[in-house]
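Take a look at the following structure, please.
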Amino acid sequence: MSVSDLRQSYEKSTLLEDSAAASPFDQFSQWFDQALAAQVPEPNAMTLATVDADGQPSARIVLIKGYDSRGFAFYTNYESRKGHDLLANPRAALLFFWQPLERQVRIEGRVEQVSAEESDAYFHSRPLGSRIGAWASRQSQPVTRAELEAREQEIRARYGEQPPRPPHWGGYRVVPTLFEFWQGRPSRLHDRLRYLPDGRGGWAIDRLSP
């Protein structure tokens, strides 16, 4: 079978205007809870797309670590490629793909750093190995495996079981300016609902052609 012959018919659900939540945050919460209930693998995994100062895009999978009406938070090394991209161009796009439910959620928005207190709280909730790793990894820089493991041992010896949060590590929050909810439907006539700010503190919903 060739790649062009790979097809799947989407028939599991619908997404209609009269049943969609008025708030995209509420709609996201409903779908996220359903992904959890369906035991979708890593439902908090999302594609994060950024663009550097020269307009070169890059994308990677990261894990969302919190969301509320302020936006969607994730944590990383500020000196990584994504960190440099966001310093030059503080805008990003997110994409959640919950394949077992035949659903996608796309989010666009501006990006801000979370507070130091939020970064500290999340950092100290992580397993020890992950906290050590945040120090050991000079993210996105070339390294050999031996160098990386030596650095890990050095950090363990220095900090023991209480490493502080590195100054180059912390959180970002994507503050949405657009949501799109996608539900697969038969014959590629998918449901796509877009939410945009209505200028009055709420959100306007429209249907997009599939």
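Using N, Cα and C of the backbone, Cβ positions are placed for all residues, glycine too.
Residues or ranges marked as substrate binding site by Swiss-Prot on the basis of sequence analysis: ARG7, GLN8, SER9, TYR10, LYS65, TYR122, ARG126, SER130, ARG188, LEU189, HIS190. What Swiss-Prot lists as FMN binding site is 60-65, 75-76, 81-82, GLN104, 139-140, TRP182, ARG192, and the listing cites sequence analysis.
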How many neighbouring Cβ atoms, not counting its own, are there within 10 Å of the Cβ of ARG188 (substrate binding site)?
10
Check the Cα-Cα distances from ARG192 (FMN binding site) to the binding-site residues ARG7, LYS65, ARG126 and tell me which is shortest.
ARG7
Would you mind reading off the Cα separation of VAL62 (FMN binding site) from ARG126 (substrate binding site), to the nearest angstrom?
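Rounded to the nearest whole number, the Cα-Cα distance is 15 Å.
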List only the single closest residue to ARG188 (substrate binding site), chosen from the binding-site residues TYR75, ARG81, GLN104, SER140 by CA-CA distance.
GLN104
Across the record's substrate-binding residues ARG7, GLN8, SER9, TYR10, LYS65, TYR122, ARG126, SER130, ARG188, LEU189, HIS190, the largest CA-CA distance in angstrom?
43
Quick check on the binding-site residues: of ARG7, ARG126, HIS190, whose CB has the lowest count of neighbouring CB atoms inside 10 Å?
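With the binding-site residues ARG7, ARG126, HIS190, fewest surrounding Cβ atoms within 10 Å: ARG7.
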Comparing the binding-site residues SER9, GLN104, which residue's C-beta has the most other C-beta atoms within 10 angstroms in this structure?
GLN104
Write down the Cα-Cα distance for TYR75 (FMN binding site) and ARG126 (substrate binding site), rounded and given in Å.
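A Cα-Cα distance of 11 Å.
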Let me know how many other Cβ atoms fall within 10 Å of the Cβ of ARG60 (FMN binding site).
13
In whole Å, how far is LYS65 (substrate binding site) from GLN104 (FMN binding site) when you measure between their Cα atoms?
18
Measuring Cα to Cα, how many angstrom lie between ARG60 (FMN binding site) and ARG7 (substrate binding site)?
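On Cα coordinates alone, these residues lie 25 Å apart.
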Give me the Cα-Cα distance between TYR75 (FMN binding site) and ARG7 (substrate binding site), rounded to a whole Å.
35
For SER140 (FMN binding site), which residues in the same chain are close in space, meaning a Cβ under 8 Å from its Cβ, but six or more apart along the sequence?
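When sequence neighbours closer than 6 are ignored, SER140 (FMN binding site) has ASN77, GLU79, SER80, ARG81 within Cβ distance under 8 Å.
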Under a criterion of Cβ-Cβ distance under 8 Å and sequence separation of at least 6, what residues of the same chain contact LYS65 (substrate binding site)?
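Sequence-distant Cβ neighbours: ASN44, ALA73, PHE74, TYR75, TYR122, GLY171.
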